[in-house]
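Taken from Swiss-Prot, the feature SUMO2 cross-link applies to Lys4, Lys101, Lys155, Lys159. Marked as ubiquitin cross-link by Swiss-Prot: Lys4. What Swiss-Prot lists as N-acetylalanine is Ala2. Here Swiss-Prot flags Ser3, Ser95, Ser355 as phosphoserine. According to Swiss-Prot, the feature N6-acetyllysine maps to Lys4, Lys119, Lys159. Swiss-Prot lists Thr10 with the feature phosphothreonine. Per Swiss-Prot, repeat 'WD 1' is recorded for 47-122. Under the heading repeat 'WD 2', Swiss-Prot lists 128-173. Residues annotated as repeat 'WD 3' in Swiss-Prot: 181-217. For 228-269, the entry in Swiss-Prot reads repeat 'WD 4'. Residues annotated as repeat 'WD 5' in Swiss-Prot: 275-312. Annotated repeat 'WD 6' per Swiss-Prot: 318-370, in sequence order. Among the features that Swiss-Prot reports, repeat 'WD 7' is placed at 377-404.
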Amino acid sequence: MASKEMFEDTVEERVINEEYKIWKKNTPFLYDLVMTHALQWPSLTVQWLPEVTKPEGKDYALHWLVLGTHTSDEQNHLVVARVHIPNDDAQFDASHCDSDKGEFGGFGSVTGKIECEIKINHEGEVNRARYMPQNPHIIATKTPSSGVLVFDYTKHPAKPDPSGECNPDLRLRGHQKEGYGLSWNSNLSGHLLSASDDHTVCLWDINAGPKEGKIVDAKAVFTGHSAVVEDVAWHLLHESLFGSVADDQKLMMWDTRSNTTSKPSHLVDAHTAEVNCLSFNPYSEFILATGSADKTVALWDLRNLKLKLHTFESHKDEIFQVVHWSPHNETILASSGTDRRLNVWDLSKIGEEQSAEDAEDGPPELLFIHGGHTAKISDFSWNPNEPWVICSVSEDNIMQIWQMAENIYNDEESDVTTSELEGQGS
């Protein structure tokens, strides 16, 4: 039995390597930017910080990323990294593919540098790290225990204490087990939601300050789910609304103004398997998406949750942890799966006619498949300052910063802007 499994693993490895070679050969035609970087340890989390600096006289801009480590029994860290991203007018020749490094392109003087700027000791791996929108120096993290930690990275030295002592600015108490979901309220400063394997969602207000030492107790604990709560997200336009999804296959909508924390305001059987992630559309107050172990992404309208608006199908394995709307385009959504693929979808193309040949590659709304990872993608983030730039991290230590070729998202035949495309609908 073991030898059969070993044989299957070897075959799969060979297929993955073959696919990667093909992907690499095609990168000059598919991308305007690809940067591949091997991290010292895998990161389970990634998020662009909103800050960007354009040094005078340079052909690049400086961007920052929040990362974490997942080590093999060594000290873990919360990491802030600095990234050089070439300007649009930087000399970039996509035909210079460096096959050994898996990188390509010459950016004039820029080689797409990625440097670790701040490392802060962390208790166990960083399951997820998210910055507070009102003050991006404040970062909340999920640990492998029940704790949620809050760090102000400006108050910590750039190099971690060699003793390994983890010294967060706040410890948030309320969960019994670990989890992944984490969401700051973009309308109410300091209000943080967290999802947990203990079947609950906790809400903290960090403005309330610690009761004892650095500990802040949960302001409310929401107990509607009957299984592991995988993800939680605040509505982006309503300060009291949030959604949660869980292994009980349900999507629940909650209102913090309600008198009850045990019953959601809306409940829907969202998928035929565990629901792993959700994301509210930043432009439309009614639209949200959920991703599931049933390999699909579902589109919902809050005005009628009985009816699923659309199902996106193309992933070959479960939508693991992440589905994110583009911060720049109302109709653009991305999802990543255990299938090592990151799919970018365009809602405005739903229902478009396509040839039989095109249909074999996927439905018309499947705009792009990023195939650069050879292991499961743990997290990804849209760059808030550079449209169409995504950073994705996978379980094999690889971090990729990439931007699909402009002719893929801009109609080649005409100079149609994205806003015009959005306006066309489906």
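A Cβ is built for glycine as well, from the same backbone N, Cα and C atoms used for every other residue.
A quick note: this is a predicted structure, and the numbers were derived from the prediction, not measured.
Overlay of Swiss-Prot feature records on the structure.
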residue : record           : Cβ neighbours (10 Å)
Ser3    : phosphoserine    : 7
Lys4    : SUMO2 cross-link : 8
Thr10   : phosphothreonine : 10
Lys119  : N6-acetyllysine  : 21
Lys155  : SUMO2 cross-link : 11
Lys159  : SUMO2 cross-link : 10
Ser355  : phosphoserine    : 7
Looking at the recorded positions Ser3, Lys4, Lys119, Ser355, whose Cα is closest in space to that of Lys155 (SUMO2 cross-link)?
-> Lys119
Among 128-173, 181-217, 275-312, point out the range having the most Cβ pairs under 8 angstroms from the repeat 'WD 4' (228-269).
-> 181-217
Mapped DSSP class for Ser355 (phosphoserine), helix or strand or coil = coil
Can you tell me how far the Cα of Lys4 (SUMO2 cross-link) sits from the Cα of Lys159 (SUMO2 cross-link), in Å?
-> 47
Which modified residues (Ser3, Thr10, Lys119, Ser355) fall within 10 Å of Lys159 (SUMO2 cross-link) by Cα distance?
-> Lys119
Cα separation, Lys119 (N6-acetyllysine) to Ser3 (phosphoserine) (Å, whole number) | 43
Could you say whether, by DSSP, Lys119 (N6-acetyllysine) belongs to a helix, a strand or a coil region?
-> strand
What average pLDDT does the predicted model assign to the repeat 'WD 2' (128-173)?
-> 97
Per DSSP, what is the residue tally for the repeat 'WD 5' (275-312) in helix, strand and coil?
-> 0 helix, 21 strand, 17 coil
